[in-house]
């Protein structure tokens, strides 16, 4: 993924007929894959409380999701995805208010920054792409990921990647159109896999995030992060 792209996404709860519906809409199955994601944070969840999500995907590398523009409300989230390790390290140091660590590898700064593993799970994914009827051929395709985690939670995600904030409203309109075509209720929200993992296996951490969420002006973005979190 190109550095600095803005990810606009909406999560939903898929049903048994979701893949068939995607085919009816002209969607193409790109691949099926299984992977392990491991998430890192401080014991106090300082990153998550700041709406930052650090993940290492097995055989893929590091990614840090940072919040997008303020004031975008609705059953969706908007994040900037950082994948270049020096950029990730610089942002981590900024959020955690740490100086003097340079811009090296992410793994090298985990200890100095007090970051530790907080969640790790395996996901089975089917990845789809499609273009809505009437869309400009030069517009990026919409992506739909259907995930099932190894702890039994299934979630879908409609995603568009854009380069500038000015492109976000158009991306949102396309995401909402496709969601409607898939039968997703207009205001349905679905938590990210990581949030459900914390709720089930680290309830105290989950409660801590809920308390932070309740004090925010934009609660939706913490309630449905992640993919955060993919």
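Quick reminder: no glycine exception, Cβ is built from N, Cα and C everywhere.
According to Swiss-Prot, the feature Mg(2+) binding site maps to 7, 9, 145, 157, 159.
Sequence annotations record features per position, and here Swiss-Prot assigns substrate binding site to 11, 55, 57, 65, 125, 157, 193.
Under the heading domain 'CYTH', Swiss-Prot lists 5-201.
Positions annotated as N-acetylalanine by Swiss-Prot: 2.
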Whole-number Å value of the largest CA-CA distance among 11, 55, 57, 65, 125, 157, 193, listed as substrate-binding: 20
Pairwise CA distance, residue 55 (substrate binding site) versus residue 157 (Mg(2+) binding site), rounded so that it is a whole Å: 18
Cα-Cα distance linking residue 157 (Mg(2+) binding site) and residue 193 (substrate binding site), given in Å to the nearest integer: 11
Predicted model, mean pLDDT over the domain 'CYTH' (5-201): 90
Spatial neighbours of residue 57 (substrate binding site) that are distant in sequence (at least 6 apart) but have CB under 8 A: 35, 36, 37, 63
Pairwise Cα distance for residue 145 (Mg(2+) binding site)/residue 125 (substrate binding site) [Å, integer]: 7
